[in-house]
Amino acid sequence: MSVGFIGAGQLACALARGFTAAGVLSAHKIIASSPEMDLPTVSALRKMGVNLTRSNKDTVRHSDVLFLAVKPHIIPFILDEIGADVQERHIVVSCAAGVTISSVEKKLMAFQPAPKVIRCMTNTPVVVREGATVYATGTHALVEDGKLLEQLMSSVGFCTEVEEDLIDAITGLSGSGPAYAFMALDALADGGVKMGVPRRLAVRLGAQALLGAAKMLLDSEDHPGQLKDNVCSPGGATIHALHFLESGGFRSLLINAVEASCIRTRELQSMADQEKVSPAALKKTLLDRVKLESPTVSTLAPPSSGKLLTRNPAQGSKRE
């Protein structure tokens with residue numbers, strides 16, 4: 001089995017690094033396409049041994065599982081470009097925020113009657129095999145197709161199937177979640193520095209506190225509130241700190257952040273469905289198209305079947 005990424009940005013780089021680190025795929029069975037070959041992420045993929053090309057069509061031809069790892073407003077253009085090259089063997093996995101299964105299927109059905117589409121939302125901690133991924137299968141995807149993606153994504157963290165109508169909310173929760181954690185960690189470190197702790201040590205201790213708290217929660221059946229209470233002694237420093245957080249609306253800020261991300265995801269969905277693109281984004285898209293028309297620079301390995309993950313496209317049953 002081979003995996004392709006349309007787009008060679010942060011997500012593609014994180015997934016490729018995670019898959020190779022987990023041992024489920026060797027780098028030569030991964031291909032990524034990008035109109036720009038001087039990006040830091042492209043350099044990182046090259047160092048891993050991943051095949052690189054400027055041609056999205058090459059990526060489709062040399063892959064079985066195809067990740068659409070580009071911005072939502074680019075998806076319609078990409079599907080128009082590669083639709084004729086998508087075959088029955090392909091599992092098309094959309095990772096773009098807000099882009100629905102039906103919108104991808106509608107585009108691809110102009111080229112073939114039963115495209116296998118899966119919508120996926122993951123996050124950047126896949127790079128250290130601690131990602132959080134959910135997926136929903138499309139009309140024509142087989143049960144085995146979903147299980148194959150789940151097996152692949154479970155190698156880089158937690159993965160589970162959900163109904164598609166939950167994915168926008170999950171984008172705001174775990175998709176954007178690492179950014180909330182990094183901002184919180186940055187602020188915790190600032191607090192430590194303010195009180196005299198060296199920056200490097202403050203960052204390390206703050207990160208370890210978040211890591212340890214997450215592990216305690218995942219390894220127990222206790223409610224987060226109970227674990228929080230266990231840290232607070234009567235009249236102690238922690239309860240005074242929590243009072244300060246509560247008075248500043250800490251909980252409401254996090255709730256509102258998840259809501260804001262979810263709402264924006266739905267706005268992106270509407271823009272993608274209507275193929276609305278901002279002038280700046282349109283200019284970049286046109287420039288990328290010009291680059292794609294230039295001679296292809298690629299280092300391609302022939303598609304081959306992997307030993308760890310296999311599937312037979314002739315078998316399986318469609319989801320009801």
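Cβ atoms are placed via backbone N, Cα and C, with glycine included.
Summarising the annotation, Swiss-Prot assigns N-acetylserine to Ser2.
Swiss-Prot lists 6-11, Ser34, Asn56, 69-72, 95-97 with the feature NADP(+) binding site. With a cut-off of 8 Å between CB atoms and residues at least 6 apart in sequence, the same chain places Gly7, Ala8, Gly9, Val42, Leu52, Arg54 near Ser34 (NADP(+) binding site), listed in sequence order.
According to DSSP, Glu36 (NADPH binding site) sits in a coil region rather than a helix or strand. Annotated NADPH binding site per Swiss-Prot: Ala8, Gln10, Leu11, Ser34, Glu36, Asn56, Val70, Lys71, Ala97, Asn230, in sequence order, evidence recorded as similarity to another entry.
Positions annotated as L-proline binding site by Swiss-Prot, on the basis of similarity to another entry: Glu164, Ala237, Thr238. Residue environment of Ala237 (L-proline binding site) contains 10 other Cβ atoms, counted within 10 Å of its Cβ in all protein chains. A helical conformation is recorded for Ala237 (L-proline binding site) in the three-state DSSP classification.
Positions annotated as region 'Disordered' by Swiss-Prot: 293-320.
According to Swiss-Prot, the feature phosphoserine maps to Ser304, an assignment based on similarity to another entry.
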Secondary structure of Gln10 (NADP(+) binding site) (DSSP, helix/strand/coil): helix
Diameter of the NADPH binding set by C-alpha atoms, the set being Ala8, Gln10, Leu11, Ser34, Glu36, Asn56, Val70, Lys71, Ala97, Asn230, in angstrom: 53
Ala69 (NADP(+) binding site) versus binding-site residues Leu11, Ala237, Thr238 - nearest by Cα: Leu11
Cα separation, Ala237 (L-proline binding site) to Ala97 (NADP(+) binding site) (Å, whole number): 41
Sparsest Cβ surroundings (other CB atoms within 10 Å) among the binding-site residues Val70, Ala97: Ala97
Three-class DSSP secondary structure - Glu164 (L-proline binding site): helix
Greatest C-beta neighbour count within 10 angstroms, which of the recorded positions Ser2, Gln10, Thr238: Ser2
